[in-house]
Each structure stands twice: as C-alpha cells, then as structure tokens.
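Visitor: To start, I am sharing the structure in question, which I have written as structure tokens.
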Protein chains: 2
Amino acid sequence: MATIDPDRVLADLRELARFGAYETGVHRPTFSPDDVAARHWFVGKLEEAGLEGVIDGIGSVFGLSRGDGPKVLTGSHLESQNHAGWLDGALGMVYGLEAARAIGRGVDVAGFCDEEGHFGSFIGSRSFTGLLEEEEIDGLRNRYDGRPLRDALAAAGLAGRPRMRVEPGRYRGFVEAHIEQGDTLESEALGIGVVSAIVAIWQYRIVAEGEQNHAGTTSMARRRDAGLAITRLLGEIDRRFPEFAGPRTVWTCGRVTFEPGAPSIIPGRAEALFQFRDTDPAVLDRLDGELRRLVEEANRGHCPVTLDMIGQSRPAKMNDRLCGLVAEAAEAHAPGGWTRMPSGAGHDAQYLARVMPAAMLFVPSIGGISHHWTENTSDEDIVLGARVYCDAIERILDEDAGEP
Amino acid sequence: MATIDPDRVLADLRELARFGAYETGVHRPTFSPDDVAARHWFVGKLEEAGLEGVIDGIGSVFGLSRGDGPKVLTGSHLESQNHAGWLDGALGMVYGLEAARAIGRGVDVAGFCDEEGHFGSFIGSRSFTGLLEEEEIDGLRNRYDGRPLRDALAAAGLAGRPRMRVEPGRYRGFVEAHIEQGDTLESEALGIGVVSAIVAIWQYRIVAEGEQNHAGTTSMARRRDAGLAITRLLGEIDRRFPEFAGPRTVWTCGRVTFEPGAPSIIPGRAEALFQFRDTDPAVLDRLDGELRRLVEEANRGHCPVTLDMIGQSRPAKMNDRLCGLVAEAAEAHAPGGWTRMPSGAGHDAQYLARVMPAAMLFVPSIGGISHHWTENTSDEDIVLGARVYCDAIERILDEDAGEP
C-alpha cells in the first residue's frame, strides 16, 4: 500500500498559499498575476513528480501520467474566491499531486480553471468535458472588472493553445477531494465525508411591478407597493417551503432591490434573487411547483409578479462503486469516523460525472467557514484526508476492471 | 372684492415653466442655472407688482409690500424635484404674486429655498423662522453630486448676503397654496382642499445582523439569515399596523438592502428604511410603540435587530381661524365643492406654523400624480384655486384683528 508523506502534503499546501497570501488565507482570482504564477509553480511540481505537465488553452493545469495500465483522474482547482481560504481547491490539487507521487502510477492530476466563477461557470471542467463552445468564451468577462476572458488568456500567454479534452476510455474515474464548507463533519466529530451527490441549484428572478408614488399623499388603500408585494411573497415562501422540502434542502434569497429605493417613495418595482438546492429531482420539482403556485397567488394582489428561472443545474449523483471504495478507505483509516453526505456546493466533479464515474471526499471545515480568509482545517484532518484519498485511488486502480 | 386675472395667472405659470422645461414638466433643481434664472425672473415680477424684491443669503426670494396696515405672508417654493411637475411649488408662488397684484396691499410673497431638499431639509423656511444655524449650512451638500451648499450660494452670487428673518408681529398669518399630490380631491370631484394639518413623518433605520455564509453548505437550521429576519419583520409590520393606524395613516418601506447581495451568499446584514406619517400625536406614539414591540419580538430570533429613529418631525396643525376663512372663501366660489383634509406631504407651512397662524389650500392633482413630469392640474381648477386663495387672503386682511 502506498504511503503518503504528511509533511510534504502540508509543506506543499503552505507553499501554494504563498501565492496571493492574504491574512491567513489567499486572494488568488483567476488569471491574476498570483494565480498565473501558482499555475506555473504547480506544473513544475507535477513534472517533478514525473508527470507530463500542461497548461491548456482555457488555463486548466494537467499532469499526465506516463506508461500503460489503469488510470484515475484526480484534482480540483487552483484559483480562489476573493480574499478567501487557503484550502478551497488547493487541498484537492495537492492531494492529487501526493497521490501521483505516493502511488507512482496511473494518477493524472487536473486543475480545472475558474471553478470559482470569476469569468464564467465551471469553464475548465466544461471545456474538458466538451460542454464549452468558443462563442461562449468570446463573450465571457471578469464579473468584477469586465476584462474579457480572451484578453486574460492572452496576457497569461495561453491564447491559441489547444484546449484539453477528456480521452474516452482513459480513466476508471475521477476523484476530487475538497473542504466541506459546512459544519456537518465538525458538529458530528467526523473526519471524512463521502459525497453521495452534488446538489442541483435552481435559481430565479422574481419581479413585482407596482406604481411608484409619493409615500405621504398616497393612501394605503390606493397603493400598489411593489416592495410590499415582494416582501409578502418571500414571507409566504418562508412559511410554505419547509412542508415541501427534503431534510437537506436549502433555499435562499440573497438579494432584494426596491426601485427607486428612496425613503419617501413607494417602490414601483421590486426584484428578488431566489434559489433552492437539493440532490433529489422529485424535491426540486415539488419546490418549483410550490414557488409557481405562490407567485400565482401573489398575482391576485395589486402588483403583477413574474418569475424567471435564470439557472437550473442537474443534481450529480456520485458513482456508487467508487463511493464504496472511498468509504472502504475511510473506514480503514478512520473506523466509524466518516459519513455519507451530499454536497451543498457545486464542484467540478458534477461535470466530470457526466463523462466518467466520479467520487468526492470532504474533510472538515473549522466552524463551517467557507469563502472567507479564516477558512481552515486542522493539520490532523488534512493528513487523514490525504491518507484516505490515496488509499481510495489505489483501491480504484487495483480493482478488477468491472462495469463502472 | 379683489378680482384675479385668470389669463395672467396661467400665463405666469407657463412662463415660469419655461425655466428648465422638461417634457410637459420641469427639471429645476435648487441652484441649477435654470433655478437661479427663475429666481431672478420671479423677483422681477414681484417688483413689477410694486413689491420690494429680495433674494436673501440662503437663496429665498421675497417680495415685501410697502405701506402700513395688516399683512399676510404668502408663497411656496420655486425649485422643482428632478424631472418633475410644473406646478409643485410654482402654483403657490404665482398665486401669491397674483394676490399681491389683485389686492394691492398687505401681501408679502416668499419663495422658500430648497423645499424639495436637494441640499437639506426645508432650509429656506427654517432659515426664515430661525431654525437654521450657520454650522448646518457649512455641512450641507447636494445629495446627488456632493456640491457644497456654500459653493452653490457663491456661484449664484448670494454668498455673504444676510438671511431674511421673520419680523415679529408683521403678519396676521401665512397662507400657502399647493397641488394636492394625491387623488382625494379628484376622486371626490372636489375643487379645493382646506388643509387641517400637515402630517408628522417618523423615520427609522432597521438593521438585522446575521452571519454571512455559503447558501449551499449551510443548513436551514444553522443559518442566521439577516435578510430573512428583515423580511419577517416587515411582514409582521404589514400584518399588525392596520390595527394601530388611524384612518389616514400611511407607512412605507422604501428601501431594503441585503449584504453582500449575492445570489449564493446568505445575507450577513440587512437594512430597511421605514417611515410612517400621521397628524395625530397619539397615533404616532401608538405606531412607534408597536414597531418597537415587533422589533423586540424579532430580537428573540437568530439575528439581533436594531431600530434607529433617523427622523421625527412634528405634526403641524393649521390655524383654526385662518382655516375657517379659507373655508368661507372656498364655499363662496365652489359651494359644496371643497373638503377639509390633512396633508400627507411636508410643506414650508409646517415651519411657518411655528411662528404665526398658518393655513394651506390644495388644488386637485390629475390622477394623483406627483414628483413626475406628467403631474398636472386642469386650468379650471388652477383658476378656481386662485380665486379662493385671493378671497381668503383678503378676508384675513379685512378681518378685525383678533387673537390668532
């Protein structure tokens, strides 16, 4: 059985965290100078490990193993959210590197570009799995400063490079490790989460149209207050959704806007961004139906309310056989100290799962903190995660090839 | 009895509307070039009418009658809201001018600067009534472009001019005419509103503090969603306030902000601007008490909620004797075609009422539209209003001087 080097794993993670270091975390947005430097540094580490290093035409980093025999694809992403944590993405990258080093055969490593969505939605893993057209790339811009993705690729010296595409039949599967980003593991004092599925996210824009008017001279009876219409609808969602939700469903209104937004003007238009997430298509359909019913009910009030679905991803079920092997490895290194759980966040594995068997494992996030520079995981949990991860990959490589 | 000249009233209103003409309304913000030009034009009209014209050190315009005898102060304001109506403010100014011309004695006219609040809150009428300190003027800036009021005064050639102060004992009272800005008169097919009182406005900032977190990985049970806390509180206000309100009370949430305002982040902080208006101090106290109770109740949830009162004006009761004379004039020119009503909007009369008897009369607003360039009043109603207004002022001047 391959043996990992805990000190090497921790040292590589710490060295990677020096690119864009910010407080105790990192600020390494996609194609920032720190991010580009980190990609080149990581390719160097992959080559040191004996892999063939590549940065492709969308900015993804690959380390390809040489020789014949079964292969497993590993990895995650290298860029960070703004002013965020040192392990989000980086953990899965260094685990992949360590697996390649410790096992010494059949481990490819991929760092899918821009999982964090500075320019687009999962452009690295979508490009690799054939779900990203050139026309979409032409239109993408940095969501903070508007810089075109094409310019960023050119500045990073990647313009015109071919984009890597998955080689059919090459892999037994894809395994991604990631921090949990929630507190399920910590609160149950567990070391490993074996991911059963990645949630689908269904997103909506809800708009109420009222009549902008003077907040002093317009009687309550005569008002058509778009802000109040949205407030009432969000209140109904809050009251009704628990009845239709599954045990792990989450729903969120992250933004509300009243127009014109002045203290003495009755809002003439109000907008809310609303989303829910679940792994079960039946639950998603039920929630969508209830939302549509509540909007219809709201439409019987004074302000017309419209509902636009602006995003609808699919739940991505992880592969049972691979999950079983990850679970075996977890039980071997942490008997009774692991659980199966869904992922409430999106990951590149949801796109890889469309073209090969995929599995994910989580390590605990201290305090459940994510997307903040205080995000952290104990060294002990990082090392346990690396052991389970390498063991699982070795089990996949060593398994008699069966149906995935 | 003095007789007004209807054509002259309409012609003056139309000429004033040429300063900053915008669509069928005007865009004449305080101390814009069009506004300054309008002030100079209006002083010229006051002087043509035999009054002593003055623009004072805060930008207010005055026409002072010469000679002895009882005096009434008239007027309103000259500037407009942005891209707003041609009659808001202007109507009361031209009525005052016409009263001075038609009656020929004892009518002073005042155009109080910046009633519309481009720089501050009622700075013209507060200056005239002794409620505006130099230090406050030093700090005021244009709310749209940040230009200091001092700079605007200097650019208009008014820096260093004395500010006019009310001369104690000079006036029997103040009479302001204004468009209603609501649809009470129109919907009851009435021509004149005799204002009983101007509402008080109590304004609040409500802030909920939660915990910003990932909208996918944070379970519903563990969330501290500040946006949801504010939504629930606004819902409770919506449900409870009708029970505590008076028949004319209005309440409004004009702005809600969630932070950071991203679709996939649970809001860590949410803020609402809330206000209510009434003329009855007992109703205001009751609503304030209920609001505080609801906030306290909200505080038993997961997110602390704080309530800051950011504005608290007083209701301004109009003078009974003056209102009686305005009502007599209304009945003379429009038998049965008038009503007593409160003003839901603030007016300079609320500050003048602190230093002398004050009265207001409203003319109908077509469709109740206000603060929009489509604001309008029929010529017939404008002329009727001018007749009632001049008659009322003559009645005040001719009355045996009694206790106000």
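A Cβ is built for glycine as well, from the same backbone N, Cα and C atoms used for every other residue.
Curation plays no part in TrEMBL annotations; they are all automatic predictions.
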Visitor: Pick the one from A:D88, A:D398, A:D400 that TrEMBL also lists for the Zn(2+) 2 site with A:E116, A:H371.
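Guide: Record check against TrEMBL: Zn(2+) 2 site with A:E116, A:H371, extra candidate from A:D88, A:D398, A:D400 is A:D88.
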Visitor: Per TrEMBL, what member of A:H27, A:H40, A:H118, A:H178 joins A:H77, A:D88 in binding Zn(2+) 1 at one site?
Guide: A:H178
Visitor: What count of other C-beta atoms do you get within 10 angstroms of the C-beta of A:H178 (Zn(2+) 1 binding site), across all chains shown?
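Guide: Its Cβ has 28 other Cβ atoms within 10 Å.
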Visitor: Counting only other Cβ atoms and using a 10 Å cut-off, which of the binding-site residues A:H77, A:H371 scores lowest?
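Guide: Checked A:H77, A:H371; of these binding-site residues, fewest Cβ neighbours within 10 Å: A:H371.
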Visitor: Going through the binding-site residues A:H77, A:D88, A:E116, A:H178, A:H371 in order, which have a C-beta under 8 angstroms from some C-beta of chain B?
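Guide: Sorted by position along the sequence, the hits are A:H371.
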Visitor: For each of A:D88, A:E116, count the other CB atoms within 10 A of its CB; which of these binding-site residues has the top count?
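Guide: Of the binding-site residues A:D88, A:E116, the most buried by Cβ count within 10 Å is A:D88.
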Visitor: So among A:H77, A:D88, A:H178, all listed as binding-site residues, which is physically nearest to A:H371 (Zn(2+) 2 binding site)? Use the C-alpha atoms.
Guide: A:D88
Visitor: What is the interatomic distance between the Cα atoms of A:H77 (Zn(2+) 1 binding site) and A:E116 (Zn(2+) 2 binding site), given in whole Å?
Guide: 8
Visitor: Starting from the Zn(2+) 2 site formed by A:D88, A:E116, A:H371, give every other residue of that chain whose CB sits within 8 Å of the mean position of their CB atoms, in sequence order.
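Guide: Here the non-site neighbours turn out to be A:S80, A:Q81, A:A84, A:G85, A:G89, A:S370.
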Visitor: When you average the Cβ positions of A:H77, A:D88, A:H178 for the Zn(2+) 1 site, which other residues in that chain have a Cβ within 8 Å of that mean position?
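Guide: Here the non-site neighbours turn out to be A:S76, A:L87, A:G89, A:A90, A:L91, A:G92, A:E115, A:E116, A:I179, A:H347.
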